[in-house]
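The feature topological domain 'Cytoplasmic' is assigned by Swiss-Prot to 357-370, 443-480, 552-1341, 1503-1508, 1741-1768 (among others). Here Swiss-Prot flags 392-421, 502-530, 1363-1386, 1435-1481, 1530-1583, 1634-1649, 1695-1719 (among others) as topological domain 'Extracellular', drawing on sequence analysis. The transmembrane segment annotation in Swiss-Prot covers 309-329, 371-391, 422-442, 481-501, 531-551, 1414-1434, 1482-1502, 1509-1529, 1613-1633, 1650-1670, 1674-1694, 1720-1740 (among others).
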Amino acid sequence: MRRQRPSVATARDAPSLEVYNIIPIHDFLTEHPSLRYPEVRAAAAALRIVGDLPKPPFADFTPRMDLMDWLGLLFGFQIDNVRNQRENLVLHLANSQMRLQPPPRHPDGLDPTVLRRFRKKLLRNYTNWCSFLGVRCHVTSPIQSRHQTNAVLNLRRELLYVALYLLIWGESANLRFMPECLCYIFHHMAMELNKVLAGEFDDMTGMPYWPSFSGDCAFLKSVVMPIYKTVKTEVESSNNGTKPHSAWRNYDDINEYFWSKRALKSLKWPLDYTSNFFDTTPKSSRVGKTGFVEQRSFWNVYRSFDRLWILLLLYLQAAIIVATSDVKFPWQDRDVEVALLTVFISWAGLRLLQSVLDASTQYSLVSRETYWLFIRLTLKFVVAVAWTVLFSVFYARIWSQKNKDGVWSRAANERVVTFLKVVFVYVIPELLALVLFIVPCIRNWVEELNLGVVYFLTWWFYSKTFVGRGMREGLVDNVKYTLFWIIVLATKFIFSYFLQIRPLIAPTRALLNLKDATYNWHEFFGSTHRIAVGMLWLPVILVYLMDLQIWYSIYSSLVGATIGLFSHLGEIRNIDQLRLRFQFFSSAMQFNLKPEEHLLSPKATMLKKARDAIHRLKLRYGIGQPFNKIESSQVEATWFALIWNEIILTFREEDLISDREVELLELPPNCWNIRVIRWPCFLLCNELLLALSQANELCDAPDHWLWSKICSSEYRRCAVMEAFDSIKFVILKIVKNGTEEESILNRLFMEIDENVENEKITEVYKLTVLLRIHEKLISLLERLMDPEKKVFRIVNILQALYELCAWEFPKTRRSTPQLRQLGLAPISLEADTELLFVNAINLPPLDDVVFYRQIRRVHTILTSRDPMHNVPKNIEARERLAFFSNSLFMTMPQAPSVEKMMAFSVLTPYYDEEVMYRQEMLRAENEDGISTLFYLQRIYEDEWVNFLERMRREGAENENDIWSKKVRDLRLWASYRGQTLSRTVRGMMYYYSALKKLAFLDSASEMDIRMGTQIAPEARRSYYTNDGGDNTLQPTPSQEISRMASGITHLLKGSEYGSAMMKFTYVVACQVYGQHKARGDHRAEEILFLMKNHDALRIAYVDEVDLGRGEVEYYSVLVKFDQQLQREVEIYRIRLPGPLKLGEGKPENQNHALIFTRGDAIQTIDMNQDNHFEEALKMRNLLESFKTYYGIRKPTILGVREKVFTGSVSSLAWFMSAQETSFVTLGQRVLANPLKVRMHYGHPDVFDRFWFVPRGGISKASRVINISEDIFAGFNCTLRGGNVTHHEYIQVGKGRDVGLNQISMFEAKVASGNGEQALSRDVYRLGHRLDFFRMLSFFYTTVGYYFNTMLIVFTVYAFLWGRLYLALSGVEKIAKDRSSSNEALGAILNQQFIIQLGLFTALPMILENSLERGFLPAVWDFITMQLQLASFFYTFSMGTRTHYFGRTILHGGAKYRATGRGFVVEHKKFAENYRLYARTHFIKAIELAIILLVYAAYSPLAKSSFVYILMTISSWFLITSWIISPFLFNPSGFDWLKTVNDFDDFIAWLWSRGGLFTKADQSWFTWWNEEQEHLKTTGVWGKLLEIILDLRFFFFQYSIVYHLRIAENRTSIGVYLISWGCIIGIVAIYITTIYAQKRYSVKEHIKYRFIQFLVILLTVLVVVMMLQFTKLTVVDLLISLLAFVPTGWGLISIAQVLKPFLLSTVVWDTVISVARFYDLFFGLIVMAPVALLSWLPGFQNMQTRILFNEAFSRGLQISIILAGKKST
């Protein structure tokens, strides 16, 4: 939906009310906290140094304008682009100057060092580009001069260059994906700027020189639009990405055009629109693909990683040669040694293959301008042929001489030496590469030299590319990952030789030596048994090529666990371990989160590092002074309490803990003259009772002995002292001042204090009386907490306490006169007849929040008997506290102050997902009667109770009020438990909240912090009191709640907001927000609500303005909510050259919003992610990592750990969560260190913003090829010399798909993306430019993982087809009689599959869980997962990955698949599961099942049940999991009634005719056509290979017909041809029946029935005659079905490939009809086990238990959910 163009008056507010984004740069007189910083004023003032710059012609340049305005008028930039980049530049310069160490001498002026560093960083890519092309850089160096004027001019010139680049970047729209294109634009515009600054004259006019374009939107119209239209034309010609990649130019092709000087010659400046680069020229003469051509072929996996395959194939050849020899060691036999030389012939042959692949895929790059490429491709082919021939000739000469001499004569040995000399010449380049590998710094230096000599020397090996140079790591990292891979490769090769290759030698020889074997069919290739040998070796070779992935998985898991162990992960695994280290926790928090006082000199760095390391060691192991020695009055204790309490309050706001748990967890401030630190109650529980017990046992022991026993536990000491001080204060508080009772009490406490000081407690008092005093004190506190406050009871208790303390407590009983003399009894005579305290009680009012809160705390300390192991009760709260506390003992950079930290932004792309759950959504029920809210109430039961408690405190009287008064809170509560935008926004805004509070603590004085603890209690909430033992919590009249409770928020003075805003911005790229607003979508209102509640939130969207006449203008708009105006306001509106989406939608959405981000870093956050307040506190530490060298480079991407928060919903979600967790933790840990190949995988990584801005941004967007857009940011980073690290002391929450269908769609999306990656230029360049061992790491963690997963499935296919061939051909029977090795072979192959299944998925999870949760819990979790059939899920997922990865490489068809992020508890219908899994799993499983059944019928080995089971158990497991998993993990999947309904629904769907607009879920025909979409876009080779693969189905018929009795053991080819006659007859009968049905079934039904009768009669007659007059049996008929059914499916599959030729013929109707019957047949096969299990009693309950076992273990009533019974 588009809106009309806004008028000028409404487009923007009046100038006096100009809207600003973060800081009001336009008006420095505004009262804004950011403007108090001199650095901000200095940066803005520097921009106003216009001086004597010439005024742009035809423009109104006013004195108020600055350099940005001048550039905007000079080059025609948009006004809002200028405003946007002005703030961007000022903020960055100001933040950079704040961090400057030592601080500048003149803080009111911009330090030139800051600007110079920024200019070098921002323009480094441009300067490298100029050096690469050999052109002069137009950024002139500043003049070194101390003269003030020159310094100002230099500063201005630097500012102009930086500002010019930012303005170009800010308005380039989609061109930002092409960084070298921007370099080209900047290069020429900087040249024009230099001419203007130099005052040069135009050669044509003789007038002062001005840029070639100017005016309103001149840059957009003259530069951006022509290039944009070219990109747009290319994308449109791709037919929505379905055409081959080689047929059109994508972003990378157009960008790489600027990697050569021909761009400078062709495009010129101003741009020559007639150039063949632009879309103005015909496609035939236009510039084609540049740099690389993406061809769709499996050969890409070999071509990109040829070094790996050469290694594997050459070792395989060498191992076979050695294994076939009869010597123990190869050096014992010269024949074997010489035979090993054939590996060099193979090596040369593989190089020849590589050259052929290069030429066949990249030929379209050749043109008149790139003739050197043609020469290189040709020469490489010729040289490869020459080496192959040369090696072959020299090798043949060796054997000819040896055969001639009969022995290894001297002449023969000389020819061996000659051969080795040739080998030496051949491997010289490899030796040179080895030398450079050992000294990587030299290789980096050579590669980065832009010299013609270097290009000439490397021309043969590499194409000249701007990226992929200088990628070697440092020597230390080099050694680490080299050792890792040497160990892995050594293990793999030893295992392969002894357990794979050698065991096959004997069976191979036995087969080749079979001379008298006869085949059971017509054998086309004689009786050499080579096909049988090939079938024997094929699965072994596939396992050999694949199992390096297994060994990598094993060793990477071990290394990852070891690194995690040394990183101190998992040392605090639970709350109990946190209790033990809580005393050191505060010191650790202060050490890491509290900034140090920076010295003026940055020296002594190594000394500081050593001191920090020692301090961290002391903290970690409790050495030195812990926190228990710090008194409660010290600022450090208060600082820690403020942060800790803020974390606890955040938990309460998230409803993770209850009000009562807040009281138990919080660290209250000092009050009531308590002399010790007031530890959280959950630490002090039971400690006082233990102290009383010790006092009772040691009542006669000396004081120091008793006190030392109590002090053995710091918590016990504090509990005793706090209890005494609190009781003392409480009793004196409730007694009136000036009364005699007060005097007595003061004297009594004074006496006790004196005895304590003199260590006479045990000497003077009877400690056994303490227990009675304890009971009375508890009664007193309970009466005080009673809302009714019955004073007479309190008087009685006080009187009893007085008598105990005055009369019974002392060992020496004192008389009344003695007590009066000591001041411990009333002096007046009346007091003898009156009770004490009757008229002396003055209870505090009920609104005294502090008093009653402390009363409850003291009561808890006095009464708690259990150790409170379940505080907090919520699992997520416990895990978060444990991780946060553990992370503070890990190594991390120390945090700077907020003012000196690096600024950063968070960017989240959003399209149209849920923002908040609406009221109707929460109430809507599914077919089982389950609403979303009901589901959440059961899953998050404790959190729902906490929410209700909070709502009651905030005014809700009952649950009905929640649906009226508190419906917004209800919606938010539900939304925060789903994968919604509101959850993500809340999590990211914790950064803002944390920075505000940290900024206050950084700048607060000691008095401010002390005030925080004094003011806080008065603003605290009062929680609930316990009424007389009843567990029902009753609110007290004095209840209130406030964020002031932590003692921070209420102290914020305003400047903290400015600091936080300058350091953090959150931009959500809501691409269609404008459309949502225009049509009144509820999501627009909800997004506005989020902006209103979060100051730092900004929304970027694309606005489409209809100009009429079919013209539309597109604008990138940034909006915020103005708290003063109380409405949404528009900040920037920047016109785009056209529609936003040319490539993939998500990166385009990110790209348009990227210009609105701020800061040095940018964190990419997806819509399904979350964050926590306690983690946000550590962001300053993380950003400091950008300043540290990791290896030889500083990081450009900081990897952040993820915590999957959707693992507790169901067992299926747990499986996915466990798999994902091991990948995002252990996997990423190893990739970063030691392997140094971590990329960006869509994680919440933090990018160095100004490193990526000039290098193409944070993702790639080319259509289809970049469908996995995020990982290409990592590829691009590595290729351009970046460094990616991984940090596990901070984590971000992440949601994962929780239903099988959702998970499958996600797996399909990722697998398809990897299929496209395999074709991409980035993967090819990384495969060639990384050193050998990093290349191995890269392969096995990206494309190789999916390729090897596919090889696993291929191995199963090859093994089963091979066994079938051996069985049906008769070779197996003959071999069985002479050898039993084949049985061992089957066991070996099955062990391989089981090893893969276990180690691929289990080992990383077990080790990571062992590290973070402990070994026994990890083993128990693994056993539990197996009992819940996790292996079924992982095997099923393997099939999904295999299907989509293979199909994408072969045919394409990758697309974005919306997985959905809802809650999955509803039952999925059979038809839906069939549509999703029929082609990916069901048909493949049925095929394998038929193979096993045929094999069981005809194999002599299968007659032994044990051998058959041993050989096929893993295959049957795979078949079972592929068929049954969609129903096993489907709620109510085995409910009989649902199964019956599903079958009816499936039949109705199958026979639905459909129509033009019918969807796939409504009609089988529509779905069937959609399943063939990939065949429409595939190439000729894809179709040909598909047909070749489909030919396998004909093998069933070929092999089985010869085993029928009617064949009479004949092996003539005629038997097979006759069987085709039967198929033709069956098809003819079917066609006749279908034709009769269409022609006569409606109007002439009798004719139709007559024809049916004739057909049936004729068929029965033919069958009876054959049974009577031939040897055909009924069994033959049944077996023929096994033969003809696969043949029919093969014919249909081939017909689908040939659809363009058959569509217009009558054959196609028959194909459709037969295909429908086949899907009915397959559906019935799949439905059969489901129906059987549904019919069996009790199986549904078992399935529910399996699926939701995790929920059961947490006490959730999933059975109630599934039954839809809402219990009240």
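Here the Cβ of each residue, glycine as well, is placed from N, Cα and C on the backbone.
Note that this is a predicted model, so its numbers are computed, not measured.
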**Message:** With pairs fewer than 6 apart in sequence excluded, do the transmembrane segment (1509-1529) and the transmembrane segment (1414-1434) have three or more C-beta pairs that lie under 8 Å?
**Reply:** yes
**Message:** Please determine whether the transmembrane segment (1482-1502) and the transmembrane segment (1674-1694) are in contact (criterion: at least three Cβ-Cβ distances under 8 Å, sequence separation 6 or more).
**Reply:** yes
**Message:** So if I exclude everything within five residues of the ends of the topological domain 'Extracellular' (392-421), which remaining residues of that chain have a CB under 8 angstroms from its CBs? That is, six or more out.
**Reply:** 334, 338, 341-342, 345
**Request:** Any chance you could find the range in 422-442, 481-501, 1613-1633, 1720-1740 with the most Cβ pairs under 8 Å to the transmembrane segment (1509-1529)?
**Result:** 1720-1740
**Asked** When DSSP states are grouped into helix, strand and coil, how many residues of the topological domain 'Extracellular' (1530-1583) land in each?
**Response** 31 helix, 0 strand, 23 coil
**Positions whose Cβ lies under 8 angstroms from the transmembrane segment (481-501), at least six residues beyond its ends** = 315-316, 319-320, 322-323, 473, 540, 543-544, 547-548, 551-552, 555, 559, 1234-1236, 1333-1334, 1336-1337, 1388
**Item:** Secondary structure content, the topological domain 'Extracellular' (1435-1481) (per DSSP, counts of residues)
**Value:** 29 helix, 0 strand, 18 coil
**Request:** Report the mean pLDDT of the predicted model across the topological domain 'Cytoplasmic' (357-370), rounded to a whole number.
**Result:** 83
**Prompt:** What is the number of residues in the topological domain 'Cytoplasmic' (357-370) that are helix, strand and coil, as DSSP sees it?
**Reply:** 12 helix, 0 strand, 2 coil
**Asked** Mind checking how the topological domain 'Extracellular' (1695-1719) divides into helix, strand and coil residues in DSSP?
**Response** 20 helix, 0 strand, 5 coil
**Item:** Residues in the topological domain 'Extracellular' (392-421) grouped by DSSP into helix, strand and remaining coil
**Value:** 26 helix, 0 strand, 4 coil
**Prompt:** In the same chain, which residue numbers or ranges, 6 or more beyond the ends of the topological domain 'Extracellular' (1695-1719), come under 8 angstroms Cβ to Cβ?
**Reply:** 1474, 1478, 1550-1551, 1564-1565, 1568, 1572, 1575, 1583, 1586-1587, 1590, 1627, 1630-1631, 1634, 1688-1689
**Item:** Cβ contacts under 8 Å made by the topological domain 'Cytoplasmic' (357-370) with residues that lie 6+ beyond its boundaries
**Value:** 246, 260, 262, 288-293, 295, 297, 299-300, 302-303, 377-378, 380-381
